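According to Swiss-Prot, the protein has these features:
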ACT_SITE  Tyr81  active site, proton donor
BINDING   Asp76, 186-187, Gln212, 241-251, 317-325  NADP(+) binding site
BINDING   His156  substrate binding site
Amino acid sequence: MTGTRILELFGPAPEPPSELGRYRILSPTAGIRVSPLQLGALSIGDAWSTDLGSMDKDSAMELLDAYAASGGNFIDTANGYQNEQSETWIGEWMASRTNRDQMVIATKFGPDYRAHELGKGLPVNYSGNHKRSLHMSVRDSLRKLQTSWIDILYLHTWDYTTSIPELMDSLHHLVQRGEVLYLGICNTPAWVVSAANTYAQQQGKTQFSVYQGRWNPLRREIERDILPMARHFGMAVTVYDALGSGKFQSRDMLARRKDQGEGLRAIYGGEQTALEEAMSKALGVVAAQHGTESVTAVALAYLLAKAPYVFPIIGGRKIQHLHDNIQALSLRLSQEEIKYLESVGDFDPGFPYDMAGVDPADTGIATPIVAQAAPMAFVQRSKAIGYAESNKGSQTSG
């Protein structure tokens, strides 16, 4: 029997199979190590095939295998996705591959997840932000995922019907029991998250460590209040709709889809708008500057360059799309490229930012009330890993 040398145990790990396996710390308040792109499991299942396209169980297992083989360990699902098939199939996959300990699983509670079987109106307490809904959802998610813990549990949507103390006390209880490790929240106003995290900090409870919301070069509302809030509380931001509901595609890509009998999803409008077409062209220009044809990789790279602790969710049903999206991790966008992409759309931060200005730590420019007093210089905030100027001379791409 051959032993292992001590120096080998303390030596560095080998290079990953792809940049997906160059892991990152989730957030300043959550030290778990995760892949920089999260696999979205909305399409894992066949119950919603009419709207999202068909994916049988074998294809789902192959997609999960391909993600893991590329170094991916970060999967996003929810209690009701695909009428509960998403969690169930992920659980079966982890059990058959005996890889639960290698995966970081995020799931969600809040919306009614049992109406598909029980009918509308009957499962009233299977939905909501309250303790009973939370209890049943976590009980069922643990069973479907075939696990004893959930790495990240999100509140899927704030519904204004449960008090912040009830919500945060109930979530903290699950953390104390070891059934949930980290807390997240989606689709919720910044003031609610701020109030919830402040309550948690004051009461010695577990705070939210990650926020999930919509963000892409044409939908930048998250930058107004949610992104500064996340930075203040040490939260990561996981991003859905990063590819504009699949509308960020070149003319060639759209033509190939139509030739294959696969157009854009009707649930998302069916066709590109003029603005989506213009953004796709702009993404193509930046892609060409980086020697790639992938507009989706550039759309993801845009988010990875915008702020630290940002993790885009990549969905889809095809392995080739997965590999295409992984290209984003090797791209570094400059400030000029970011501004070029943002020039296509129209984002107005509005009041009070149009009066008070924005944080000089981001811009290096004094706000009006500071500038009137004296010339000032400012320490700049840390940039994202995917921001070009933050990696000059670096040969790593993690």
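Each residue, glycine too, has its Cβ placed from N, Cα and C.
Overlay of Swiss-Prot annotations on the structure.
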residue	record	DSSP (3 states)
Asp76	NADP(+) binding site	strand
Tyr81	active site, proton donor	helix
His156	substrate binding site	coil
Gln212	NADP(+) binding site	strand
Leu243	NADP(+) binding site	coil
Gln249	NADP(+) binding site	coil
Arg317	NADP(+) binding site	coil
His323	NADP(+) binding site	helix
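Taking the C-alpha positions, the distance from Arg317 (NADP(+) binding site) to His156 (substrate binding site) comes to 23 Å. All chains included, 14 other C-beta atoms sit within 10 angstroms of the C-beta of His323 (NADP(+) binding site). Straight-line distance linking the Cα atoms of Leu243 (NADP(+) binding site) and Tyr81 (active site, proton donor), rounded to a whole number, equals 20 Å. Rounded to a whole number, the C-alpha distance linking Gln320 (NADP(+) binding site) with Tyr81 (active site, proton donor) is 23 angstrom. Within the same chain, residues at least 6 positions away in sequence whose Cβ sits under 8 Å from that of the residue listed as 'active site, proton donor' are Ala41, Leu42, Ile44, Gly45, Glu87. For the binding-site residues shown (His156, Arg317), fewest C-beta neighbours within 10 angstroms: Arg317. Gln249 (NADP(+) binding site) sits 28 Å from His156 (substrate binding site), counting Cα to Cα. Taking only the Cα positions, the spacing between Asp76 (NADP(+) binding site) and His156 (substrate binding site) is 12 angstrom.
Here the Cβ of Leu243 (NADP(+) binding site) has 23 other Cβ atoms within 10 Å, regardless of which shown protein chain they belong to.
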